[in-house]
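Annotated features in TrEMBL:
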TRANSMEM  15-35  transmembrane segment
TRANSMEM  41-58  transmembrane segment
TRANSMEM  79-102  transmembrane segment
DOMAIN    150-277  domain 'Glycosyltransferase RgtA/B/C/D-like'
TRANSMEM  156-176  transmembrane segment
TRANSMEM  185-204  transmembrane segment
TRANSMEM  210-229  transmembrane segment
TRANSMEM  282-312  transmembrane segment
TRANSMEM  357-378  transmembrane segment
TRANSMEM  385-403  transmembrane segment
TRANSMEM  409-426  transmembrane segment
TRANSMEM  438-455  transmembrane segment
């Protein structure tokens, strides 16, 4: 209401209101964390307080939702839309099963849950220099929500928040498609996005990608509304959402830059506005968005002197691209020199047909490769919104492919490209009845193929999680079978003395360790010059009592970490007290 944005859509209003509410809640939690009040009592009080402050709005939302659902029951839904609803429901259930079990994802256990857990232990948002892994200088707007989840309940709640972000993004895609095209295109778009295997995979993890995508999508959505209506409230909302995505992941700089460029291009080239007005709109967006999203970067600079611009400069040079395109089997597909042009020419094919070389589980699916090429024909890109999405996506993809081409980085642009694919499918279906039947059949089969055959971890894993969800197997039995770090840290938590302090030497995934631990030491390089006696002296100063080593990561993947110190120690300095492949736990024997 304060921003005075006008919309006749209940769903659109609800999504942007939720986005603004999350902004307020996130920065309130950050504020309490900076004051050393990052604890269960304060967070519970804040949650209850937010509930009472928005009680009337929540009541209105529930009432209007009931009305909408009643109207939906009476609505005559065409067969194809009914099939889409069924496919979406199945995909939501599959993802819910995955989000309802204890986390086993690498990034979640090493970064997105591990660092907030340490903040909880310390009761404040402070530097955690003893965690080597996890990028302490990165933005943590989503991580703050996960920290809240750990305080209120557990890690499963954090996964459910990521799961909810996926559904909310799909609803936003539907809302945008419905507003500017039709209900059918909105539904097609949401189904394409949500059944994309990489989206399905991250919906079951406590990652930042879906939260970031939600904010980035709403920022683009609001800017489109501003461009078409010229109501200042939409520009402000776009800046707020852009600031939130900037504070959620450093790639928010790319989203903000593209939208900022869009404001200038629209003002100067299309609307022919006065120079001062165009610049005023540009500055409003960039300064407001930058102010909202800059906290984590300023914090990193104050604490460590680290600047995000150094990382961005390296990415613009393509430093990360060489590593991403030269991993293992990727080397067989991509060569040096002139072959680099071939690399980019066949990038859409490779990322669709060879998704494994772009790191992580999940695929892009076949629908984008099958239908996106048709946008080269003018009839498929007449609409201004389609043109905006195409320009946004093209710029995004160019920087993505050059800087850091990992599959998860595509999710924000997949949310927009889904709308284009839906428009292409709908336009092709209007040729004649035969083509319509063929295209719709192909489209439905593609969605079913993505949902079932391209399930990121296989239907067997879905079944395992369903059994846990149904209460037929315990969470602990499931996680012991699926996450090796759980067993070793269960031993550490239960069997080691109360005063134990652990040096986890080369294992990033430390979330399940409930004892005080470190993953690095400030003097690690100087220790390499010392004998065993000198190393033990430093270990004693740090209060270390035990070492944890992942031999598989060290021997098979070269992740040695601090295990380089082990050869410097003598046999009598360490006692093996746990040895279950691939982990070894040593007790340090001080003499």
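Positions of Cβ are set from backbone N, Cα and C atoms, glycine also.
When each of the listed stretches 15-35, 41-58, 409-426 is scored by C-beta pairs under 8 angstroms to the transmembrane segment (438-455), 409-426 comes out highest. Residues of the same chain lying 6 or more positions beyond the ends of the transmembrane segment (41-58) and with a Cβ under 8 Å from any Cβ of it are 17, 21, 24-25, 28-29, 32, 148, 151-152. If you count C-beta pairs under 8 angstroms between the transmembrane segment (409-426) and each of 15-35, 156-176, 185-204, 210-229, the highest count goes to 185-204. Within its own chain, the transmembrane segment (185-204) is flanked in space by residues 81, 84-85, 87-88, 91-92, 94-95, 97-99, 105, 159, 162-163, 166-167, 169-171, 173-179, 210, 355, 360-365, 367, 407-408, 410-411, 414-415, 418-419, 421-423, 425-426, 443, 447, 450-451, 454-457, which lie at least six positions past its ends and keep a Cβ under 8 Å from the stretch.
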